[in-house]
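Beneath this line is the structure, given in structure tokens, with notes to follow.
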Amino acid sequence: SAMAISPHPPLWSLRSHRLKISVICMLAMYCMINMGASLGISMVCMVNSTGFEVNRMKESISMESPIVKGCSIEESDEKRRGYEGTLLWEPPMQSLLFSAVYYGGLLTIFISGSIADTFGPKKLLLGAILVISLITVLAPTLAQTNYWLFFVARIGQGMAEGFIVPSVNSLGSQWFAPAEKSSMAALYTSGVQISAATSPIIGSRLCGVNLMSGWPLIFYLFGSMGVLWLASCWFFVSDSPRESRWTSIEERQFLHNSLQTPTIKRATVIPWRSMFTSPAVYACVFANFTMYFCTAIVLNFLPLYFKEELNLSLKRNGMYSIAPFVGQIIAKNLFSILADRMKREKWMSNTATVKIFQSIGSLGTSLILIALATLPSCDRPSIAVALLFIYGILYAAGIPGFFTSMLVIAPAYTGTISSFSMVSAQLGSAIAPNIVSLISYL
């Protein structure tokens, strides 16, 4: 058969265009997270937290909570250096800005996947990254001009972000063979962890720069990176191997055979009823809600947690904030290679492999977050770093878990299924900052 005689061009090769596609997708995720997280990173430097009563619970916590009890305040001048902002945004206003991106995503993400599957993901990716880059570059001006103008821009940013993950997944379903999907998904989603591991360090350094108050430089740098990414996508990405001028005949034939092209073509009719009644789709939906709920809290509030609760300096804040993402980027690639091996060697079925890894991810992260809320203190911040590193390792099991399942349930409709899942992910992400704000005032 064609499958039997078709050579298997190596994936991990400089000649592999599907590897290049994965790297470009990784850089798209990197830019998206950089620009999305720029507010969380810079918030500690933007806001004048002494210009208002930080929050009412602070006073009672300072008397009762083991987190701040016994903390030395002798180094407070050194520790507050770089934290002197000018914007008078109270905590609920800050949480609303964090949530705005997720509200925007809810407006577009439900339709973005089916649009990607129907018309092709490349154009959507180019348009979305362009919009986010422009909003990011304009963010410092908007923030200093009018809070509500900035809030509306953040909603617009979220609307554009809603197209990215379904488009990347739709692209991946056309470019990666079934036995390679966990490895490639791990590679291209590594952009999230690379961003989250490097942006706090970059941001904490830029916050301390005297030029333009420091923090606007974070937005300018990350927005410029997005513009540079557009060129790589424009020249090297195509919606499928058969449309690519960079793909070898051997690689194109291999992908044609392994993806069974007649059944994995661009979708023209979406089977909505089957999707709405599929238990597998609902499992993806719920897993996305819980995992992204946790991600929103860690990504947006970790710098504030280190500043307000553990009393860390700006430099240590940036260093400590990378812990969970270093754990993730190491573990996710190892887990995914193992998962692909388990499927290739027939040790377990695709379904059993996904369920095992997702169980590790869900149960493990839950236990670590409970420990994180109870064990660290400002005189023992290293406990928080260790817990966050372990959290990252366990969270990474979700890539060969729920994330891989989105790519294999129905490859022709991957973008649409991603949209379903990401709607719940956006809901979890939008709810998380508001719950944090609510708990802060209880």
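A Cβ is built for glycine as well, from the same backbone N, Cα and C atoms used for every other residue.
Note that TrEMBL annotation is computational and uncurated.
Residues annotated as domain 'Major facilitator superfamily (MFS) profile' in TrEMBL: 26-442. Regional average pLDDT for the domain 'Major facilitator superfamily (MFS) profile' (26-442) in the model is 80.
The annotation transmembrane segment is assigned in TrEMBL to 21-44 (among others).
Taken from TrEMBL, the feature transmembrane segment covers 93-112 (among others).
Sequence annotations record features per position, and here TrEMBL assigns transmembrane segment to 124-143 (among others).
Under the heading transmembrane segment, TrEMBL lists 217-237 (among others). Residues of the same chain lying 6 or more positions beyond the ends of the transmembrane segment (217-237) and with a Cβ under 8 Å from any Cβ of it are 20-21, 24, 27-28, 30-31, 34-35, 38, 41-42, 122, 125-126, 129-130, 132-137, 139-140, 171, 199, 202-203, 206-207, 209, 211, 246.
Under the heading transmembrane segment, TrEMBL lists 280-306 (among others). With a threshold of 8 Å between CB atoms, the same-chain residues lying at least 6 positions outside the transmembrane segment (280-306) that come near it are 33, 37, 40-41, 43-44, 98, 102, 196, 200, 312, 316-318, 320-321, 324, 358, 361-362, 365, 369, 381, 384, 388, 391, 395, 398, 401-402, 405-406, 409, 417, 420-433, 436.
What TrEMBL records for 318-335 (among others) is transmembrane segment.
What TrEMBL records for 356-377 (among others) is transmembrane segment.
Annotated transmembrane segment per TrEMBL: 383-410 (among others), in sequence order.
Annotation comment: TrEMBL describes 422-441 (among others) as transmembrane segment. Using a Cβ-Cβ cut-off under 8 Å and counting only residues 6 or more beyond its ends in the same chain, the transmembrane segment (422-441) has close neighbours at 55-57, 91-92, 95-96, 98-99, 101-103, 105-106, 109-110, 113, 158, 162, 165-166, 285-286, 288-297, 300-301.
Tertiary proximity for the transmembrane segment (318-335) is limited to same-chain residues at least six positions away from its ends with a CB under 8 Å from its CB atoms, namely 183, 186-187, 189-190, 192-194, 196-198, 200-201, 203-205, 298, 302-303, 306, 312, 357, 381, 384-386, 388-397, 399-400. Taking Cβ pairs closer than 8 Å, the transmembrane segment (124-143) reaches residues 28, 31-32, 35-36, 38-39, 46, 87, 112, 115-116, 149-150, 153-154, 156-157, 160-164, 167-168, 171, 212, 215-216, 219-220, 222-224, 226-227, 229-230, 233-234, 237 in its own chain, all 6 or more past its ends.
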